[in-house]
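Asker: The following feature annotations were taken from Swiss-Prot:
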REGION    1-105  region 'N-domain'
BINDING   D34, D87, E159, E161  Mg(2+) 1 binding site
BINDING   R47, R71, E159, G232, D234  DNA binding site
REGION    123-254  region 'I-domain'
BINDING   D180, D182, D234  Mg(2+) 2 binding site
REGION    339-347  region 'Interaction with PCNA'
REGION    353-372  region 'Disordered'
COMPBIAS  353-366  compositional bias 'Basic and acidic residues'
Amino acid sequence: MGVKGLNQLIKEHSPSAYKEFQLKNLFGRKVAIDASMCLYQFLIAVRQSDGQQLTNEDGETTSHLSGMFYRTIKMVENNIKPVYVFDGKPPVLKGGELEKRLLRREEAQKQKTALGDEGTVEEVLKFEKRLVRVTREQNEEAKKLLQLMGIPCVDAPCEAEAQCAELARGGKVYAAASEDMDTLCYEPPFLLRHLTFSEARKMPIDQIEYKDAIAGLDMTKEQFIDLCILLGCDYCESIKGIGQATAFKLIKEHGSLDNIVEWIKNNKTKYTLPENWPYDEARQLFMNPEVTNASEINLKWKEPDVDGLIEFMVKQKGFSEDRIRSGAEKLKKGLKGGVQGRLDGFFKVVKTDDKKRKADPKESKASKKKKK
């Protein structure tokens, strides 16, 4: 679900926190990717010409494997080293959001069934995409594929995006990559969005710098988390009638969500607090997420197991052997070279005062005389 309206607020108040670039601009970087999020994207986006998901001869869905294989290779070819982080058990507070998603899928199924044979291809596809969910089996298949590709995986104890942020904060990777804006609540130095999107979509990668984002909003870490909860997150519903502009204004005026709650309770306002609203529990989940300390995680990129890839992807899943072998060669080449150093990793960029940059006219004349 993410945090509704947060993207726009940061763009409005912290434009310097945003950068847009292409995949190649991340060369030399290690990135922790929210695996569950990108598997969901692959199941929706990787389709046949008729709009149906990719399947093998046995009718098993293979869109997630195709997307994971080729997008990972594209990153490695650009000298990027990905690590995929998988969700663990969901927090108890997330149960309400998961139940809502289930109800939305059930409603989509009813609407699709109601169309019968009279619905257009576009209408049917719209409801089919709403029915998409990543199964446990698909998660395990993705892990197996990545292992054979030589790409490291991490099983998070709880939320994958929190673990991605921990790896970034701990210096194991450069950034956390996820489409969920609430990843910023876990303080990754950088959040990357659209990293696993197909290049055919021609959508640049967004980079958001956490430090610049909260500086532009002029908020503390605690106020930023309160803002995200007020906007609506996976852990608790939002307050009806409070959108992004009002949420920002209220945090500025009252300083904290506790004060806002008291203000709503003690004054005749048009806002009504949800019954038993667990905002403080949600805050604690963001402040103290259940993660494995980055220092305890050892990330290793290995040479791909070509025979294993052929057995799994070709013999079991029905992919083209030529394409899998070609992909494996690209992986070998990319991973063998290692991550090349970036210039900004060796040199510290120092801003030069414009006045100092301009040569003194007297000095210039003097130097010319010496040359003569």
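Keep in mind that glycine also has a Cβ here, set from the backbone N, Cα and C atoms.
Mind running through what each feature is packed against?
Answerer: Every protein chain considered, the tally of other Cβ atoms within 10 Å of the Cβ of E159 (Mg(2+) 1 binding site) stands at 28. For the recorded site, E159 (Mg(2+) 1 binding site), the DSSP three-state label reads coil.
Over all protein chains present, the Cβ of R71 (DNA binding site) has 22 other Cβ atoms lying within 10 Å.
Across the region 'I-domain' (123-254), DSSP helix (H, G, I), strand (E, B) and coil residues number 71 helix, 15 strand, 46 coil.
Within 10 Å of the C-beta atom of D234 (DNA binding site) sit 22 other C-beta atoms, taking all shown protein chains into account.
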Asker: Do me a favour and check the Cα-Cα span between G232 (DNA binding site) and D182 (Mg(2+) 2 binding site); whole Å is fine.
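Answerer: The Cα atom of G232 (DNA binding site) is 10 Å away from the Cα atom of D182 (Mg(2+) 2 binding site).
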Asker: CB neighbours of D180 (Mg(2+) 2 binding site) within 10 A?
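Answerer: 22, counting other Cβ atoms within 10 Å of D180 (Mg(2+) 2 binding site).
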Asker: Compile a sequence-ordered list of residues in the same chain as D182 (Mg(2+) 2 binding site), six or more apart from it, whose Cβ lies below 8 A from its Cβ; state 'none' when nothing qualifies.
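Answerer: Spatial neighbours, sequence-distant, of D182 (Mg(2+) 2 binding site): G2, V3, L6, E161, C228, C233, D234, F286.
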Asker: Other than D34, D87, E159, E161 themselves, what residues in this chain have Cβ atoms within 8 Å of the centroid of the Mg(2+) 1 site's Cβ atoms?
Answerer: S36, M37, V85, A156, A160, A162, Q163, C164, S178, D180, T183
Asker: Taking DSSP as the reference, which of helix, strand or coil describes D87 (Mg(2+) 1 binding site)?
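Answerer: Note: D87 (Mg(2+) 1 binding site) is coil by DSSP, not helix or strand.
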Asker: Whole-number answer please: how many Å between the C-alpha atoms of D180 (Mg(2+) 2 binding site) and E159 (Mg(2+) 1 binding site)?
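Answerer: Distance (Cα to Cα, whole Å): 11 Å.
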